[in-house]
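Let me begin by presenting the structure, written as structure tokens, before commenting on it.
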Amino acid sequence: MELVIAKHAGFCFGVEKAINTAFKEIKNNQKNNSIYTLGPLIHNNQVVSSLESHGVYTKDSISEIDDGSVIIRSHGVSKATYGLAEEKNLNIIDATCPFVKKIQNIVEEYFNKGYKIAIIGNPEHPEVIGINGWCNNEAYTVQQITDVDLIPKLDKVCIVVQTTMPIVQYEELSTLISTKSNQVEQFNTICHATKERQESAKLVSQEVDAMIVIGGYHSSNTQKLVAICKEEKPLDTYHIETVVDLDLEALQNYNRIGITAGASTPIWIVDEVVKSLRNL
């Protein structure tokens, strides 16, 4: 069996920054103050469990935190959430991905200039929810073509996109949204790491008999990788979270297997999968 590992796979810059920020806070916490993350730091259960073993616990809202430090997750949060944390005198540690922070700044700037905001992305994803919180939660969120029909004619509109959206989906939807106004400011805010991982996964999936995509089942960027691989290998793409999820009986029937991993997947999880397959 030959294994082909995607050139771009695993931790992205934003995720690595968030994890390093969290463990730095753990190391510097000499007074054993309470440390929390607002929502899962990243969409990876193994990393979240590791943080909990070091005394960093996940809370869903500021109302659940009375003291100590709160780490803002890589997906970012609304402007109002910062205000609530400040009101409670919490120590705010901002681990927002820099690329997400850039979107928040764009949205706030153009909203204050009188633009309506259109966010291309999943309205239920924490990144999109957080971004919407920088324009008073008044954005039009567009995930599919039918969502564009709900947007009225606008004087001026600013278009941004969730960092993990497929480029093809962004291009199609942004073109349609642009027809809603004569004054359009458009920003392709897809993270370059997302684009690299998607392109790399597509290339590998064209060269192998089966694809394994490693990443959290709730990870948006991992789900996008699965969808891309299934375009090439609809019946031979396997989404797993860890090595224990491998269907070794099915996989031993393939000659060439491709491997990629979501941006929230630690390298040690990838290594465990590779080792297990090489022992077949």
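Quick reminder: no glycine exception, Cβ is built from N, Cα and C everywhere.
Cβ environment of Glu127 (active site, proton donor): His75, Gly76, Val100, Gly121, Gln162, Thr163, Thr164, Ser220 lie under 8 Å away, each six or more residues apart in the same chain. Here Swiss-Prot flags Glu127 as active site, proton donor.
According to DSSP, Cys97 ([4Fe-4S] cluster binding site) sits in a coil region rather than a helix or strand. Within the same chain, the residues at least 6 positions away from Cys97 ([4Fe-4S] cluster binding site) whose Cβ sits under 8 Å from its Cβ are Cys12, Phe13, Gly14, Val15, Lys17, Ala18, Ser74, His75, Gly76, Thr163, Cys191, listed in sequence order. Sequence annotations record features per position, and here Swiss-Prot assigns [4Fe-4S] cluster binding site to Cys12, Cys97, Cys191 based on sequence analysis.
Of all Cβ atoms in the shown protein chains, 28 besides its own fall within 10 Å of the Cβ of His75 (isopentenyl diphosphate binding site). Per Swiss-Prot, isopentenyl diphosphate binding site is recorded for His43, His75, His125, Ser219, Ser220, Asn221, Ser264, and the stated evidence type is sequence analysis.
The dimethylallyl diphosphate binding site annotation in Swiss-Prot covers His43, His75, His125, Ser219, Ser220, Asn221, Ser264 and rests on sequence analysis.
Secondary structure at His125 (isopentenyl diphosphate binding site), as computed by DSSP, is coil. The annotation (2E)-4-hydroxy-3-methylbut-2-enyl diphosphate binding site is assigned in Swiss-Prot to His43, His75, His125, Thr163, Ser219, Ser220, Asn221, Ser264.
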Other than His43, His75, His125, Thr163, Ser219, Ser220, Asn221, Ser264, which residues of the same chain sit close to (2E)-4-hydroxy-3-methylbut-2-enyl diphosphate? List them in sequence order, counting a residue when its Cβ is within 8 Å of the Cβ centroid of the site. Ile42, Glu127, Thr164, Thr222, Gly262, Ala263
Same-chain, non-site residues whose Cβ lies within 8 A of the Cys12, Cys97, Cys191 Cβ center for [4Fe-4S] cluster are Phe13, Gly14, Val15, Ser74, Pro98, Phe99, Val100, Thr163, Ala193, Thr194, Ala263
By the 10 Å Cβ-neighbour count, the most surrounded of the binding-site residues Cys12, Cys191 is Cys12
